[in-house]
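Chemist: Submitted below is the structure of interest, expressed as structure tokens.
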């Protein structure tokens, strides 16, 4: 279903009326002001944590279009994150391409990687698909460790540039500028995913998730729409990897293809917030990352000899939360009547029957 520009504007405008619009405006204003407050008060730790919340919101939203709406649970999104990160770095380091363009190209290369992987992986179902994504992620890590042109195990680091080229190469001290870049990317992603979900494609994805055989009987091509979901998911994950590159200015295969801190963290953020809700992954990221950073910081300070213990402590905390709220935080709040379902759930519009089939 192709939407006209006027229809897209009208679709978005409807979400900005009433209580939902007020909430969105207040949250947006808060996120715009917070970096300034952190900068003025010289609070790098909460600023870095906010950036991680936004980064993992981007990643978890992208993951959710494949896992939550299509039902294809992946623990291999580190592939797309790493490909996007390396593409951005290589274009910047070897060819002098600005990261403004490099991040976008990184998203495209990640999307093409997702399409290539989709052909064999979507022949598998259920837990076999999930296990295959883990295996593929580890293969990519090993390939990049052995690939000398991309730095191998030593990784890559861009040169320090003079201040007059800071905007071109996106090299700034502190996380503050990158917070606004992440906000812009997240805003574009929210609009794009909202339009997809509120279309026939979104209806088809959810139909495949609920019952693939029933969807096929309706004339829906599961493979085609799984590939669409994979393409979109990989694209935004790749852009997230590019953002990581410009912020931290160093990448290696162990960091950007990491199973735990990338693939699992992305999935946990999505599941924690509510895998079947639109804003659940954002809520999950804003709960999960502050807990992760705080626990990690406390363990490092108090028990420096036991670095890594924070993963164990974090696992216990998450187990308690997920056992008490199996539907995710957003789903639990809706279930308890603490928030209205209309405020959080973006379902496909009321499409007419002839628009669906």
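Placed from the backbone N, Cα and C atoms, the Cβ positions cover glycine too.
Annotations for this protein, taken from TrEMBL, read as follows:
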- 21-39: transmembrane segment (TRANSMEM)
- 45-66: transmembrane segment (TRANSMEM)
- 78-95: transmembrane segment (TRANSMEM)
- 101-122: transmembrane segment (TRANSMEM)
- 177-197: transmembrane segment (TRANSMEM)
- 225-244: transmembrane segment (TRANSMEM)
- 264-287: transmembrane segment (TRANSMEM)
- 307-325: transmembrane segment (TRANSMEM)
Chemist: So which of 21-39, 45-66, 101-122, 264-287 has the most C-beta pairs under 8 Å when paired with the transmembrane segment (307-325)?
Modeler: 264-287
Chemist: Per the definition of 3+ C-beta pairs under 8 A with sequence separation of 6 or more, do the transmembrane segment (177-197) and the transmembrane segment (101-122) touch?
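Modeler: They do not touch: fewer than three Cβ pairs between the two stretches lie under 8 Å.
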Chemist: Considering pairs 6 or more residues apart, do the transmembrane segment (78-95) and the transmembrane segment (225-244) have at least three CB pairs under 8 Å?
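Modeler: Answer yes: the transmembrane segment (78-95) meets the transmembrane segment (225-244) with 3 or more Cβ pairs below 8 Å.
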Chemist: For the transmembrane segment (101-122), I need the partner stretch with the highest count of C-beta pairs below 8 angstroms, choosing only from 21-39, 45-66, 225-244, 264-287.
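Modeler: The stretch I would name here is 225-244.
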Chemist: Residue list, the transmembrane segment (225-244) vs rest of chain: Cβ under 8 Å, 6 or more residues beyond ends.
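Modeler: Distant contacts of the transmembrane segment (225-244): 55, 58-59, 61-63, 65-66, 69-70, 72, 74, 77, 79-88, 99, 102-104, 106-111, 113-115, 117-118, 122, 178, 181-182, 185, 189, 192-193, 196, 201, 204-205, 208, 251, 256, 266.
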Chemist: When you scan the chain for residues with a C-beta under 8 Å from the transmembrane segment (21-39), skipping those not six or more beyond its ends, what do you find?
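Modeler: Long-range Cβ neighbours of the transmembrane segment (21-39): 15, 46-47, 50, 54, 174-176, 179-180, 183, 343.
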